[in-house]
Number of protein chains: 2
Amino acid sequence: MSDTPAPVPPALAPGSTVGILGGGQLGRMLSQAASRLGFDVVILDPEENSPAGRVSRGQIVAAYDDPTALNVFGRVCDVVTFEFENVPARSVELLAEAGARVAPGPRALAVAQDRILEKTFLNEAGAPTVEFAMVDDLASLETALQVIPLPALLKTRREGYDGKGQVWIKTLIQAADAWAAIGERPAVLEARALFVRELSIICARGWDGKTAVYPLGWNTHKGGVLKTTVAPAEVEPKTERRARAIARAVLEQLDYVGVLGIELFDLGDGRLLVNEIAPRVHNTGHWTQDGCVCDQFEQHIRAITGWPLGPTAAHAHVEMTNLLGDEIDQWQKLAGKSDMRLHLYGKGEARPGRKMAHVNRVRPL
Amino acid sequence: MSDTPAPVPPALAPGSTVGILGGGQLGRMLSQAASRLGFDVVILDPEENSPAGRVSRGQIVAAYDDPTALNVFGRVCDVVTFEFENVPARSVELLAEAGARVAPGPRALAVAQDRILEKTFLNEAGAPTVEFAMVDDLASLETALQVIPLPALLKTRREGYDGKGQVWIKTLIQAADAWAAIGERPAVLEARALFVRELSIICARGWDGKTAVYPLGWNTHKGGVLKTTVAPAEVEPKTERRARAIARAVLEQLDYVGVLGIELFDLGDGRLLVNEIAPRVHNTGHWTQDGCVCDQFEQHIRAITGWPLGPTAAHAHVEMTNLLGDEIDQWQKLAGKSDMRLHLYGKGEARPGRKMAHVNRVRPL
C-alpha cells in the first residue's frame, strides 16, 4: 500500500489509565493484568458493580453508546479497549475525538461485526473459510440454497454468539422456517465444514507491527458454548505453521493492535478453515494464564499500551474448563485439587448457562 | 493444653467479602488474589485511592483505630486481615465485635509487635534467636551491656522496620548516645548474629490446623531494605528440615491462621536463628508469584477464608528484585526482557527508598 504508515505512539508509562468498554469476566481479567503493570483502570458498563468494575479504580455506569459518558471516558483514559466486538462504530469515533488512543481500531471491529465482511476479508487475506452466500430475504436464501450444499447453517450477519442467532437447514423445505427462526434479519448461509476438530490460535500485534503467537488450543463445545480448551494442542508441525501464517496474515492485513482470537476448523488433511475471528481476548486463550509466563490478558495490555510484547511459549500443559451456571457450586471440591487453578468472575447469580468461572488443570509439559 | 479447640469455621463461599486493613502493595496483591477466587474486597486505609483500594470493590478512608469505621468495616466484611503487623489490639477487638472473622488473631499480632515478647515466644517454641536483654532506661541498658557481647544492636521494642529505630553499639561509651538515638523508648539489646547469609521461609496455616511451607529464599539487603530474594535457595537438606520444623512450631504455637514470614540467620554450621517473624505476607515471598502454582497471596486468602491450602512446590527458579524510588524509571527496559515478570504497585510518587515495584526473573529449575 502507498499509505504512509501511522506513527508508532510512545509506550504509556505506569500510572496511565486504561479504559475497558465492557465489565464482564474478560474486562475483569484485563483489568487485573493492567493493574499488575501499574496502570489504573476505568470500566464503562451499564451494569453497576460489574465483575470488572469491582476490581478497577472506577466504573462509569452508562450505555455503550451514551455520548456524554463516552466523552468523559475518552478524556480520563489514555487508551481504550473492548471486551466484546459489538461496539458501535460511533462510540469508537467519540472515544477517539475525546483524545483516547483506541485499540483495536474501527476496521477490525467492523470486519468482526459482520459475518459477510469477515469471510470476505479472510478469503482475501489467504485465510480460507467455508463456502458462504449472502442472504437478505427469503428469495436470496432460496438462491443461496442452490449454491451451498445441504446441510447448511443460516446465521444472522451481525450479533449472535455462543450458538445464538443460527439454525441448521437440512432440507430445502426448511428454508422459510429457518428464515423466520433467525428473525428475518440479514444473514449468511454457510456450508457445513467437515472438520475433525476445532482449534484456535491466540495472537497479538503491537503498534510497531511486531507480532506474537501462542501455541494452538484444541476446543470442545457443549450446546454451542465452549466447554474445554486443551493446550498446547498436539498438531502436525505443518498445521502449526499454517495456523501461525493465518494469524500473522490476519493481524497484518487488519493493521491490528491488541490480542485477537481465531477459531479454526481442522479438516484433518492439513487444511484449516477459519470459523471466525474475535478482535479481543478470547475464552479459548484462558489456558495461557497458567500455561504461559505472559498470558493473553497481559499481552493485550502490553500491545495496546505500546509495551514490548511478552513471550508466548508454553511452560505447562493446561486443560481449561468453563464452569457454567450451577457448575460453580463445585468450587469447594475444585479448590482442594492441587493441580487445579481457579479463576472466578465474581458474578452473583448463577443463571443456567452463564459463564461463572473457569479452571485450569495444569501438568508439566 | 486442656482448652477445647475452637471450632473450624466453614469455608467462605465466593461472593463473600474479604476486608484488608492497609492499602499498600501487600494489600493490593492480596486483593488481586482474592478477586481471582471470586471474593469481593474492601480496603480500610487513611490514604484515599490507595494502591490496594484502586483494585478493590471499595475503600473505607479512615484511621486504623477509628471505631466507627472499624464497626462498618467489620460488618460489611466476612473476614478481615492485615497487610502490616502494627494493628492496634483495640481495632482487632472492634472488628470481632462487629461480627467479622479476624485472621491472624490477636496473639500473633501481640507477639509480632513487641520484640521482647517475640523473642521470648520464639525461644520457648524451640526456635532460637540471638541473645537479647530488655532495656527500659539507660540504667538497664548499661546492665544489658554487661551481658550481651559487643557489638550489640539496640532496637525499639515496638515499631521500626526496614532498619529504622535501631542503632549499633560498638563500645560501652556509645550507650547514652544510642539510647538517645532511639528516642529513649523501651528497647531490646541484641547480640550480633555471626551469620553467613539471611534466609527466609514463608508458611501458612488454616483454621483446621493444616500447614503449608514454601521452599527457602535467600535474601540480600541494601541500606537495611530487602533488595533481592533468590528461591528456592540452595541449602543443605538438614537446613531445609530445620527451617520447616521452626515454621511448623511457630504456626502451631501461635494457633496461627494465614501466611507468616520468618526471617532466619544461617550460621553456616547447620544452625539457624530466627531474626523476626512477620504475621502477614512478606516481601521475601514475592518470588512465589512466578515460582509456584499458588503464590503467598492466594495462600493467605485461602487460609483466612477456610479454603484448602494450595500447593507450595516451586516450578521455576526466581530472582526477585525490589525496585525502590526512581529505580522504577527502568520499567521500559525491564518490560522488554522476556524472562522478567513485572509487578508494579500503582504508586504515584517515586520517593527515595519507596517500594514501587518488584520484578521476578524466572528460569527453569
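Glycine is treated like the rest: Cβ placed from N, Cα and C.
TrEMBL does not curate its annotations; it predicts them automatically.
Noted in TrEMBL for the protein shown:
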- B:ARG115, B:LYS155, B:GLY160, B:TYR161, B:ASP162, B:GLY163, B:LYS164, B:GLY165, B:GLN166, B:GLU198, B:HIS221, B:ASN275, B:GLU276: ATP binding site (BINDING)
- B:119-305: domain 'ATP-grasp' (DOMAIN)
So B:GLN166 (ATP binding site), by the Cβ count within 10 Å over all chains shown, scores 19
Which whole number is the mean pLDDT over the domain 'ATP-grasp' (B:119-305)?
-> 95
Counting every protein chain shown, other Cβ atoms within 10 Å of the Cβ of B:HIS221 (ATP binding site) number 13
Counting every protein chain shown, other Cβ atoms within 10 Å of the Cβ of B:GLU276 (ATP binding site) number 18
Can you check what DSSP calls B:GLN166 (ATP binding site), collapsed to helix, strand or coil?
-> strand
